[in-house]
Amino acid sequence: MRKISVLLFLAWVGFLFYAGIALFTSGFLLTRLELTNHSSCQEPPGPGSLPWGSRGEPGSCWMASRFSRLVLVLIDALRFDFAQPQLSHVSGEPPVSLPFLGKLAFLQRILEIQPYHARLYQSKVDPPTTTMQRLKALTTGSLPTFIDAGSNFASYAIAEDNLVKQLTSTGRRVVFMGDETWNDLFPGAFSQAFFFPSFDVRDLHTVDNGILEHLYPTMDSGEWDVLITHFLGVDHCGHKHGPHHPEMAKKLSQMDQVIQGLVERLENDTLLVVTGDHGMTTSGNHGGDSELETSAALFLYSPTALFPSAPPEEPEVIPQISLVPTLALLLGLPIPFGNIGEVIAEVFSEVEDSQPHSSTLAQASALHLNAQQVSRFLHTYSTAAQDLQVKELHRLQNLFSKASADYQRLLQSPQGAEAALQTVITELQQFLRGVRAMCIESWARFSLVRMAGGAALLAATCFLCLLVSQWATSPGFCFRPLLIPMAWGLTGAVVCAGLLATTGLKLDSVVLGAMAAVGSLLPFLWKAWAGWGAKRPLAALLPMPGPVLFLLLIRFAGFFSDSFVIAEARAAPFLLISLILLLVAQLHWEGKLLPPKLLTIPRLGFLTPAGPPRHNGTHALGLGVGLLLCIRLAGLFHRCPEETPACSSSPWLSPLASMVGGRAKNVWYGACVGALAALLAAVRLWLRRYGNLKSPEPPVLFVRWGLPLMGLGTAAYWALASGADEAPPRLRALVAGASVMLPRAVAGLAASGLMLLLWRPVTVLVKAAAGAPRTRTVLTPFSGPPTSQADLDYVVPQIYRHMQEEFRGRLERTKSQGPLTVAAYQLGSVYSAAMVTALTLLAFPLLLLHAERISLVFLLLFLQSFLLLHLLAAGIPITTPGPFTVPWQAVSAWAFMATQTFYSTGHQPVFPAIHWHAAFVGVPEGHDFTWLSALLVGANTFASHILFAVGCPLLLLWPFLCESQGPRKRRQPPGNEAEARVRPEEEEEPLMEMRLRDAPHHFNAALLQLGLKYLFVLGIQILACALAASILRRHLMVWKVFAPKFIFEAMGFIVSSVGLCLGIALVMRVDGAVSSWFRQLVLAQQKAGEQSSLVYTGAGSSAREAQSHLLPPCSQDLLASGTSLFYNSKS
Amino acid sequence: MKDTDIKRLLYVHLLCIFSIILSIFIPSFFLENFSVLETHLTWLCICSVSVTAVNLVLYLVVKPNASSKRSSLSYKVTRFLKCCIYFLMSCFSFHVIFVLYGAPLIELALETFLLAVTLSTFTTVPCLCLLGPNFKAWLRVFSRNGVTSIWENSLQITTVSSFVGTWLGAFPIPLDWGRPWQEWPISCTLGATFGYVAGLVTSPLWIYWNRKKLTYKNN
């Protein structure tokens, strides 16, 4: 019951976190499905005649092309008012003089001189206002969100239909110069391209000057149909200086000259478009959805008259994506499939045509084509995804059918009135605008309420973890109150949901989850606050040691800086190393690091038992140094978030198959296999050290035989994978088959091993032995006459004990038969043995998913977690009989190490850095199991999260395990040597982990506390990510750094919390198995009818067999069940 | 412990601070183009030398601990040599720790080593002056209840604050501000210097503040 309530409570806390994450995500991450359909010339978007374009005519598709060439000048962050003239608003006042006003003077002049040729629009941009998303919008005509769920995460290349693709597929020569982001988006699409790096925002001139160097020569050469230039200077100037800086005036004047130069070179068949991709705030940043960020300038110019009327007084406001269908139709291209923009109708008026209706008719036909295309897209999209509102969809479809029918009717009778055409135009425009509004509603709006709610929920849950983990260590802790408010809250939420469902209101599952979470959280917090918080000051709630708190705070703060998130691969080891040094320093400060004899003159040093002390301070120092070394070595396997000249990834991350040169490959292969063997040997050695390798239980047999088999399989797989290309052709099929089967075999073995472990987790060796336990007193050699009282204190009990022993031996010999004794070995490490076995079994399949050389990192991982556990155990006092605590520094170090290992296994929290090749391990080529691939890639990415979360209970177990090495020396105050010696040597074999079993209540409380602390440390990370993403949602790097970081952290958290619950469940399973094992044993003994005793020993090496000792009253359960067999016959 | 002791301590510390300030300004009279940031390594050497010199002179003048009875020349020479070895050892071990912390292994080795030298100057040299080449005494001073005089107490504070300063100095390195002082190891040396100065300033104040609570075994 206690176990179940602990697990339930942990699962519930996990659920609270998930609810918070889901709520935040639903408000922050806008998602949309990317369709890969394409429009083509041959397929018109819908039925109906094509008014002008006949398919045979070259250069025209759905509509006859109006321009054969296009110059698109994209000036990054060209805000609308940058193109405004410097106006004096009120005659009396001096004109407002801002550096950015009136600098595009040529633009203004041309607007005045040629009103029918040029037009300025205010283009309304959809958030997120970041360059990459805007470029996508400007070419696809859709509303890119941060996550466009598509087929390809590995690159930024646009998968959707877009203008550039249409241009190249119709054979136009597209020349590009400027921001290299275009190279990522449209790899290989340009006939000629000049890319310049865009990353350094302090550099105002490199990109612009580079473009200017090539612009006019290229233009004069005539080797182009579409010329795209992307200037970055204005944007960088905004980031560096802000718009209100004289530098901005200079930059804008330069742009003005560029436009002038272009206009002078334009020929009659060429259209010039000057536009900004987004605006900027008063501080020069962008990314969000404020008025200034979302208004950009759009300027169209044609050497021939284009517009039917003079421009209006105030420039018209049009959506940015209107440009896409407009340009497509003007250039005689199909409109990109996913476009939802509306054509700028007025450019489709035939100015020189004499017929009265033709102008309106042309506009109507353009709009109709556009509407047909949008309707086709809507139809396709709504069958593929369900995120659009059904009702609205129906309304819009009806609107479209009506308008389309009207249009067709008018086309049949061309004598239709002008007014009727106008109505059709209005209807079509209504349709298009409705579609856009609907899409914006579901794709492109942050929900601040949800974001704040999610963050608040996360914060409250973190607080809850802190509160309950404190509470769990208090002596009067009981498990019942944990479940009651939880149950109340859940029932409340269910009732609420039921009510809503019956009243017919449709509720989001995310909101429902969040409501359930809040509903169960509030009564709990209130109750905890009222019942517990009132008694103590709030300061007692923060029991973390200051330095650890400080380190956690630094980690928390680091999430708010994009530089630190990028550099986390170096920052996490830095913090981890600091924590380790802190631990060592603390040990020294408290006098535990160095044996007291170094500090004081050893008085009776020669009396210490022969051989070096097995556990002392220099040992701890060595552990610390070893740890630092491991961490540094693991740091060599570093991957850059982005390949830049300043940062190059480690070459060791690539698979061996990519290596050329036989010798190096062989050496590396040998090293990898060596690492594997070392890992296996280390695990076996560890199990042997604690004696668990002697047990005849199936899991141990598996460890003895199955693990080497798995190692062999892995090595063989590596050999095949790295040398597959060199295989002779006859064996190709064999090799391919084997490289599919081997990983499956290893994974299957691992799974069966885990099953065995779950089935029989108790790895002890039971020996029934007749005869009395031969307790042997070890007399410490003592030479010379006793000189002091202390020495006398030491000697006298020894003599006494020896006499007692002799006496007892004589007594027992008088009995005809000694009591039947059952010796059970390795009980002291039964929990950890199961954990270590499980971790090793888990590590193998995860190892297979990585590149070969990562096996070295896995070896380091095991090594450094072993060292860390030892180091931590040195600082943790064992408190019997409880309550047991796991200190914060242990949990923090564990979490830091999980992060550090995430990076050192070659991962980075950005999408292009995901190891996609993991999806093909053990999967035959050509098969497409989506869920399996996702599982494999996820397991690869979060391998370190899984291992460390599952291994988390070791933090609790290890100090007890180390007890066998350092017989409670550290519990003695240093310097009190005399007393230490007096402690009877044979008092009892160290109980090790059986101490935990002896206090089941405290054991469960400690497991709960451990889980909550770990969840807290992970929880504040995800909270920091969420807060950073929401506070910095206007930041330049939000979609590049913060949002991916949040997603990775959230996924990692989910994986970790599940792993944690599994790890704790495994410990509980072992505990249950140990209990039932005891019970069986007792029953067997009862049947035998013997008065017997159970001999229990921690480490079962045969040399120590003689030292086995009587089992103390081992388990309270057993006592309660009415057996008192665990007492020795001496009573 | 008397107030005069604390006053002496304060003056000694002020002299140390003064030596650091001098090391910033004096060299520009002799060297062309000298500035702390641009010719950083030169400054590091000058600063280390001047702080070491001032420490030695002050130690000889003030004699905070009762000097040992033996004063033969050979004893002094071996003691001095031992001190040098200790100093070098501490430089190398700091270098190793920096590399373990993530400093580049091969590139910028000179810079890393000079940082180690600077940090040793701020931490090891005072220890050597005050405690001599006696590792056990060092261990005693840096453990709980191991302090036996205000000099040792202030040594504890300045040493720890130098370490903390160096540690904090590493934090600006990853930031993308593009300042010259963010380069390795400038921010760390500056952090060490600031930490040392802060320790020098705060330790007399802290001791003065806690003079009622502080009781030393040997005093």
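Counting starts with 1 at the first residue shown.
Here the Cβ of each residue, glycine as well, is placed from N, Cα and C on the backbone.
All TrEMBL annotations are machine predictions without curation.
Looking up the ranges A:7-26, A:507-526 in TrEMBL, the one annotated as transmembrane segment turns out to be A:507-526. Residues 698-699, 702-703, 706-707, 709-710, 713-714, 716-717, 720-721, 724, 727, 834, 837-838, 841-842, 844-845, 848, 921-925, 1066, 1069 of the same chain lie 6 or more positions beyond the ends of the transmembrane segment (A:733-759) yet place their CB under 8 Å from a CB of it. With a threshold of 8 Å between CB atoms, the same-chain residues lying at least 6 positions outside the transmembrane segment (A:571-589) that come near it are 547-548, 551, 554-555, 558, 564, 617, 620-621, 624, 627-628, 631-632, 634-635, 868, 871-872, 874-875, 889, 892-893, 896-897, 899-900, 903-904. Counting Cβ pairs under 8 Å to the transmembrane segment (A:448-469), the top-ranked stretch among A:481-501, A:702-721, A:1014-1034 is A:1014-1034. The list of residues near the transmembrane segment (A:702-721) in space but at least 6 beyond its ends in sequence, with Cβ under 8 angstroms from a Cβ of it, reads 655-657, 669, 672-673, 676-677, 680, 683-684, 687, 693, 727, 735, 738-739, 742-743, 745-746, 749-750, 752-753, 756-757, 837, 840-841, 844, 847-848, 852.
A contact links the transmembrane segment (A:830-849) to the transmembrane segment (A:856-878), because at least 3 Cβ pairs that are 6 or more residues apart lie under 8 A.
Sequence-remote contacts of a segment are chain residues at least 6 beyond its ends whose Cβ falls under 8 Å from one of its Cβ atoms, and for the transmembrane segment (A:481-501) they are 5, 8-9, 12, 468, 507, 512, 515-517, 519-524, 527, 531.
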